[in-house]
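First up is the structure itself, then whatever we jot down about it.
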Amino acid sequence: FISTVCNFMSHEKCLKNVKIPCSCIAPTLVRVPVAHCFGPPGHYKRRFCTVCRKSLESPALRCEVCELHVHTDCILFACSDCRQCHQDGHQDHDTYHHHWREGNLSSSARCEVCKKTCGSSEVLSGMRCEWCGILAHAACYVIVTPECTFGRLRNMILPPSCVQLFSRNFSKLHCFRISENLQTESDEDDDVDGSTQGSAKDVQISTDSSKQTLKIFDGNDAVKRNQFRLISVPRIAKNEEVVEAALRAYYINDEQQEYELQTFTQQALLSDDVINRNDAGEDSNLGSVFRESVPEAWIIRAKPKDEEVIRIYPAWLKVGMAYVSLRVNKDSTTQSVIKEVLPLLGRQTECLQNFKLVEVLMGSKQVQRMVLDNHELILNRLKDIRKTSVRQMNQTRFYIVENSKSIARVNLFVGGLPPQLFPEEYTNILKDELAIKTNVVSVSHVYQAQGAVVLEISCFSEAERIYMLVKDTTVNDKPLNAVVIPEVMASKIPQNCCPLLVFVNPKSGGLKGRDLLYSFRKLLNPHQVFELTNGGPLPGFHTFSKVPSFRVLVCGGDGTVGWVLGALEEIRHKLVCSEPSVAILPLGTGNDLGRVLRWGAGYSGEDPYSILVSVDEADDVLMDRWTILLDAEEPAEGAENGVAEPEPPKIVQMNNYCGLGIDAELSLDFHHAREEEPGKFNSR
């Protein structure tokens, strides 16, 4: 047997044991909606799409935070089921459950429950928890206890319940500081996400004369974007069969009797008035779909209903109850729904005015929330959603939420400012350059030596405006940079937890940094992984400044390690843990320091998980760092008018191994050559 929706295959004798949910009901299984964070399209060998379960031959997308892989034209049908890496004021909780993701395991993977192999390189099979890494069969994972303890790396992971980030207007790439230059390739791809190639890979334009290929739109939104799916049906197909095929193409498992197909011709498509034209004359429910003139395309429309059952989810996580079902009719308003739901959730004594009904669209790239007006008719709202997109209805939920004083608080790290100024001078520069509104923006920390400040902003749109503006602003010919910073709630960190702060320099040595960034974000909490080309080491140290005990892993060459140690030296007096131990993953060209400290002569592709385990097991050793004072230089004789400016004295920090100069000269020449032509230097 093969599923007509998600291509899942099973023997007849095995059907009764199938535990894997179909892609079309995936949105109903989401516990807390969290959007994914997609990088640019790439080629991923021996990987399978989570939505259609087929292998990823063409360029595909993967989430930078979890193991989701998906075709570019399946992305519309993936839902927001990413890892929850921080608290954002929606359904925050302190106990964590396993976050299961199906498939894409190595073929040697073994099930934790029955100890047999559960991975495969032929199909999507086996389940893995994306926090603790435990593996299991789809039939076995249901008996694993739901609480997740974060596995072998639990002492190094920054627990998500200790991180707070209110990120309403920021994309996930901004929240996790994933550099934009990764994104450039993918931006052009956005328009074709589901459009013309919409599942064309499944439906070759039929050459068989008894078959007919149709364009199917799922609502007004798809028409506007010209995003359709192609289906292939027999020429003599009954209307019901065509509706059935159209729904399956959009991963909808509702009964076909509830839907109909409306026709419209290409001219109607070009007119803005598409929608009214279709509602006027509906001749689409006559016997066979095909008459003499074959229309260009069809729209799926839901038939109007007089009453429906909807699910209402409580926004506070209730033990053992995910949602309550409620029958609504044409008189039901938001207020009447709230009134009926509260007793079912045991909150009947509370005042209606303390609650609101929120519509949540769980798209794969973004979770959109909209508060419904108290007098809005629920059936009309459902009708509007279906008119916009039948597929979106599948990804929409209604939550009942307590009215609370919602706090908007965004911390923005701004670097690249002139060093050694007074706090007021920094505020004035920001007023002049970025026109900041001082009623919602305050400077919470100043790092004078580095020329950086941290802004606390209490308005989402102002935070977004400043963030976007900083990118195009220069002060004294130096570009500014901005990084969104999460807030680590140190008091909630468990006693024996010593989180690892990871710095990666993607430009070091053999350019292995990109893959390591991706792996460490997956193995740890992405909020503890910092890319050094995006604001340097300071944002990382600032984020961890209140953590009572942490360790550092620097992935880069000797220069990178020196840079991080220098930054640590300058701000250690502001850290609660003023002397964190530093481990090195040598990505550089020479890696003397890596050799001396026995981390090896250079990284050659070892498994990132085993690197983290060896960091966890490593011993602390003390290493001398020297502070060197270079005295002021005497002015040279015979300078103009005899008044030359003397070179000011300079303080530098150095590690204590000594060379005679020739190695330094060679290294410097090499470095300059690499800066000029990076393309020629892509291996150690």
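Cβ atoms are placed via backbone N, Cα and C, with glycine included.
These come from TrEMBL:
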COMPBIAS  194-206  compositional bias 'Polar residues'
DOMAIN    35-82  domain 'Phorbol-ester/DAG-type'
DOMAIN    97-148  domain 'Phorbol-ester/DAG-type'
DOMAIN    306-405  domain 'Ras-associating'
DOMAIN    495-632  domain 'DAGKc'
REGION    186-206  region 'Disordered'
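Helix, strand and coil content of the domain 'DAGKc' (495-632), in residues and according to DSSP, is 52 helix, 25 strand, 61 coil. Residue counts for the domain 'Ras-associating' (306-405) by DSSP state, with H, G and I taken as helix and E and B as strand, are 30 helix, 37 strand, 33 coil. With helix defined as DSSP H, G or I and strand as E or B, the domain 'Phorbol-ester/DAG-type' (97-148) counts 3 helix, 12 strand, 37 coil. Sorting each residue of the domain 'Phorbol-ester/DAG-type' (35-82) by its DSSP state yields 3 helix, 13 strand, 32 coil.
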